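Student: My structure is below; once you've seen it, I'll send some questions.
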Amino acid sequence: WQKVLYERQPFPDNYVDQRFLEELRKNIHARQYQYWAVVFESGAVVQQLCSVCVFVVTWWYMDAGVLSPQGLFGAALASSLLGYVLFDAIDAGVGRRESGRTRWADLKSTLVFLAFTYGFSPVLKTLTESISTDTIYAMSVFMLLGHLIFFDYGANAAIVSSTLSLNMAIFASVCLASRLPRSLHAFVMVTFAMQIFALWPMLQKKLKARTPRCYVAVTVLFALAALAGLASVSSVGAVLFASLLLSISCLCPYCLIRLQQLKDNIHGPWDEAEIKEDLSRFLT
């Protein structure tokens, strides 16, 4: 008996010999995870949750009149300049030289964005006047949830879409900004949303790749800042949010490692054939 289909043999189609199960293999592609390595990787989820929390708390401060738009814009501008310098200092400008992008190009892009957003801030302020406030809040919640779902946390999955994730976050910021008192508030809120949802993740990824210890420290400090801001608005919400962060960063990695031991994937001669030969020459 031969395991081929192109020859006639005196055996039924479903016949297998005694060597069939000798090729059985279990969990040959299973990954062995380390607890602290998984905790480190969960930092991307924690930071993005904290970004959404900081954005919502900042909007609440603006809406309540506790935070002025001038103060937020000044703080955001100073943080952006500090992050910009840090972004280049982490790898000594190697990434910038490889990309070929100059500082003058970055400055022009920033000025164009600020001018465009400021010019259209009256439109952004009145864009959703005909929509009820409850609908605006519901749309913002769904958009921010979509932003968290489609965000690129480093996983190679079909659901990941950085463009869609950013667009949903900006759409949520426009919806919330339209409920602020003045056009200046809307301009500052949209600008702040771009900083925290577009620029901040870029710095996170470079910190994670170049200086893991600094990345962990920044993640912890950012989480504490988000919890402190949320606690000033709602103590119950801060407790629930802290429980969520602890579950994601500590409990979920533990459950993943425990469930990994229960894997029982089998592989053998019944698997689909894999063509490992380079067939690119047939495509030319």
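Cβ atoms are placed via backbone N, Cα and C, with glycine included.
What TrEMBL says about a protein is an automatic prediction, not a curated fact.
Copied straight from TrEMBL:
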type	residues	note
TRANSMEM	35-61	transmembrane segment
TRANSMEM	67-87	transmembrane segment
TRANSMEM	107-124	transmembrane segment
TRANSMEM	136-155	transmembrane segment
TRANSMEM	162-180	transmembrane segment
TRANSMEM	186-203	transmembrane segment
TRANSMEM	215-233	transmembrane segment
TRANSMEM	239-257	transmembrane segment
Student: By a Cβ-Cβ criterion of under 8 Å, what residues six or more beyond either terminus of the transmembrane segment (162-180) are in contact with it?
Tutor: 55, 59, 62-63, 124-129, 133, 136, 139-140, 143-144, 146-152, 186, 189-190, 192-194, 197-198
Student: Same-chain Cβ contacts of the transmembrane segment (239-257) under 8 Å, 6 or more residues past its ends?
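Tutor: Same-chain contacts beyond the flanks: 33, 35, 38-39, 42-43, 45-46, 49-50, 53, 223, 226-227, 230.
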Student: Is the number of Cβ-Cβ pairs under 8 Å between the transmembrane segment (136-155) and the transmembrane segment (35-61) three or more, considering only pairs separated by 6 or more positions?
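Tutor: Contact confirmed: at least 3 Cβ pairs fall under 8 Å.
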Student: Can you work out whether the transmembrane segment (35-61) touches the transmembrane segment (107-124), with the criterion being 3+ CB pairs under 8 Å where the paired residues are 6 or more apart along the chain?
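Tutor: The answer is no, given that the two segments have fewer than 3 Cβ pairs within the 8 Å cut-off.
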Student: With the transmembrane segment (67-87) as the reference, find which of 107-124, 186-203, 215-233 contributes the most Cβ pairs under 8 Å.
Tutor: 186-203
Student: For the transmembrane segment (186-203), find every same-chain residue at least 6 residues outside the stretch whose CB is under 8 Å from a CB in it, and list them.
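Tutor: Beyond its ends, the transmembrane segment (186-203) has Cβ neighbours at 47-48, 51, 54-55, 58-59, 62, 69, 72-73, 76, 79-80, 83, 86-87, 113-114, 117-118, 121, 124-125, 147, 151, 166, 169-170, 172-174, 176-178, 180.
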